[in-house]
Amino acid sequence: MCRKEPFLLPTALCILAALVLHQGPVEALGGSRLCKTGFLEDVYHASVYRSVHEGQPLLNVKFTDCGADRRIHYETSNPTDFRIDGDGIVCASRTFDISPEQAEFLVYAQDEDTRELWHVTVKITLRPRHVQDLHQGFHKVREIKFSTQRKHNGLQRQKRDWVIPPINVPENARGTFPQELVGIRSDRDKSLSLRYSVTGPGADQPPLGVFIINPISGQLSVTKPLDREQIATFHLRAHAVDVNGNQVENPIDIVINVIDMNDNRPEFLHQIWNGTIPEGSKPGTYVMTVTAIDGDDPKQPNGMLRYKILSQTPASSSPNMFTINNETGDIITLAAGLDREKVQRYTLIIQATDMEGNPTYGLSNTATAVIAVTDVNDNPPEFTAMTFYGEVPENRVDVVVANLTVTDKDQPHTPAWNAVYRIVGGDGTGRFAIKTDANSNDGLVTVVKPIDYETKSTYILTVVAENQVELIRGIQYKPESTATVSVTIIDVNENPYFTPNPKLIRQEEGLFAGKLLTTFSAQDPDRYMQQTIRYSKLSDPANWLKIDPVNGFITTTAVLDRESIYVKNNMYNATFLATDSGIPPMSGTGTLQIYLLDINDNAPYVYPQEVEICDRPDPNAINITALDADINPNAGPFIFELPYSPMDIKKNWTVTRLSGDHAQLSLKIGSLDYGIYNIPIQITDSGNPAMSNTSYLRVKVCSCEHGYCSTTAPIIGTGLGTGAIIAILLCIIILLTLVLMFVVWMKRRDKERQAKQLLIDPEDDVRDNILKYDEEGGGEEDQDYDLSQLQQPDTVEPDTIKPVGIRRMDERPIHAEPQYPIRSAAPHPGDIGDFINEGLKAADNDPTAPPYDSLLVFDYEGSGSTAGSLSSLNSSSSGGEQDYDYLNDWGPRFKKLADMYGGSDD
């Protein structure tokens, strides 16, 4: 059913009564005609006020199924604004002002079984609200007069200005504009022609044109509806001047107050308010404050708000779990029984209404308050089982043995839900620990110390679980839960172990091979397994030892030497392996440490073994040191002596002991020749028995400068003799002569080759692509050229201009061709050299030279020869009639013919 407001009950009853009276005749006629399933009216009408509230009934639509007992479902076309219940009563779905577009909608009725559908139109007529006169702020048009000026005793005295009361104008006024407010007049308008004007905000200042004044009559008017929320008061000033613009009256101030109307709906600062309340809170506990604001005047009822709770979801544990202060908006608890495990969140619909909460004239708005019930620790954790079981192999650590599960009704992942586990019994040695899984809140029983199966094979642990925070007072449950964990240890094949490990023995060096050192045996921790152990060598750097694979006897295979490089600080380390016969086999390692005791088995020697001394030493002494691989007492102090043989050793040298390890070798004579001397020195250690050794000290005698050896003298002594220098010079001269002769021979060979090429027999000079294979520099691809280029060499494009000295001798010159004079006579046969040179020069300057330096072809005329038939040539008998001067134009190759048959008198 729609929620009926008390103030609308008479209206609803009237509407229902009218509908009943209106439908009476129809029902009376039901027996006289066939019944039709559907709505009883084609159109339903309702008359309501514009502002409606949520749940307010508007009208009742009637539907008949003609006694078929149909299951009818109703629905409106605008469910956001209107809803209909099963009895056909149409109610407002929310609080709002009905607009003309919303005043008409459809109501649907559908058979839930057959899905048959009917509909009807609903039209709502909006009734005006009967309120006090909205225009009570308008006073009857009155008149405001300017104060007059009087004269007293010949002086003009101004009358005190009147105090003009404010003019009240309601906002949002309706009607035609401009609307007259007040008339302004001066007493002097009877004698003068005056002009009236107003100034100030709303007149000649922004907002412009809100107020205007008739300049002749002085009537002040407002031009449009006012809005108090924008400007609550206007301050204007009225002026009166004559036609010349001279002020005739003092300006008067006019105050226009905009009267507030209830035209603003309350607005909540937030549409959704969130708050929290701990579960189990007592009645009267503060939750939160909701706030709404109203744009109307807060000093008037239009802006005075009142709050109330329209609904609470869910309604358990109490339908009125919360209440609200209607003036402040404070929400507090009204009833007890807040339990987060039952209801985690409450949703309240809060309504704010102006007009001090008057449901008839006030405007309302709603917001949602979401109140979350926060958790407190009112539920302890409880184990899901009384006993948990687990197993773990022996000697394993950081292994999860068992997973303990608990349940807690408090909010997950909070201190009231997080579990803390403790072991309170069965683990006296502290081999187990329990960690909490942050996600699942389970307890993970973990092994933190190795467990030996042979020592203990079963553990019974007693564990408890509790929350991170204490339970609140008044809870009847125990704060903790107890369970038992049974852990079984699994036996595994363990590694054999040597004892002791490492094993240290002391042994004098020099022990021969095959001697028994010690027994190094291992034990098997698996007492309940019948297994054998075998031994092997894992590490023996000097290869001095061997171990018996059955009993672990260690014997030597070489002489033990303390001075070996494998011995560090008198200690020699060897590693051995013990392996059992299990499946799979397990092994363990053991280290044998042999501390070698020193014996006197190393003779001392001198250090350094080579020194330098000046030929005239000053001081004439050398410091030497004795070294011994043995250690005390088999080393120093040492005895230094010079042998008696050879005799010159003691004659020239003497040795003096400075300390137990140091001595000084001195020169007895004043100087020595340059050279190298080997001085024998006999050194004896302090061992028992003592060991002696003769060491040779290499002494280099050299020339000294400022006490240090110099290399000048040896260099001078190694100079070359005169004969060697002369021999070197002769060799150099001979080499230069050979090079010069080779160069001269090469030049002569080049000249002979060039002369031979110019003196080729004319019979052999065919040049028909003759290819030479007996010379370097080219093959067929270099000399097999196009004959057309030889027939017409003038068509060949000249190459890029080359500097002098770079152009080939057979290239065509790019400058003008020289004019050759006609020879008067053939050269003398003896002048062959000049003939060759002239021919060479002419060939070099021949403009028709081929592009390659090779033999040319002269007997190939080809097609289209310009020579014509040979029959056209005249015989020698007609030489007087022939002109052979054109032979001079054919180049040097026809120069001989030109000389023989030319027109010269010679």
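Cβ coordinates are placed from backbone N, Cα and C, and glycine is handled just like the others.
Together with Glu171, Glu229, Asp260, Met261, Asp263, Swiss-Prot lists one candidate of Asp204, Asp294, Asp296 for binding Ca(2+) 2, that being Asp296.
Cβ neighbour counts within 10 Å, taken over all protein chains shown, single out Asp354 as the most crowded of the binding-site residues Glu171, Glu229, Asp294, Asp354.
Other C-beta atoms found within 10 angstroms of the C-beta of Asn302 (Ca(2+) 3 binding site) number 22, with every protein chain shown included. Under the DSSP three-state reduction, Asp294 (Ca(2+) 3 binding site) is assigned to coil, being neither helix nor strand. When the alpha carbons of Asp260 (Ca(2+) 2 binding site) and Asn302 (Ca(2+) 3 binding site) are compared, the span between them is 8 angstrom.
The Cβ of Asn264 (Ca(2+) 3 binding site) lies under 8 Å from the Cβ of Glu229, Asp294, Gly295, Asp296, Asn302, Gly303, Asp354, Leu363, each of which sits 6+ residues away along the same chain. Neighbours of the Ca(2+) 2 site: apart from Glu171, Glu229, Asp260, Met261, Asp263, Asp296, residues of the same chain with C-beta atoms within 8 angstroms of the site's C-beta centroid are Asn172, Asp227, Arg228, Val258, Asn262, Asn264, Gly295, Asp297, Asn302. The two recorded residues, Glu171 (Ca(2+) 2 binding site) and Asn262 (Ca(2+) 3 binding site), show a Cα separation of 10 Å.
Each of the binding-site residues Asp260, Asp263, Asp296 was scored by how many other Cβ atoms lie within 10 Å of its Cβ, and the smallest score goes to Asp263. Listed in chain order, the extra residues whose Cβ falls within 8 Å of the Cβ center of the Ca(2+) 3 site residues Asn262, Asn264, Asp294, Asn302, Asp354 are Asp260, Asp263, Arg265, Pro266, Gly295, Asp296, Asp297, Gly303, Met355, Gly362, Leu363.
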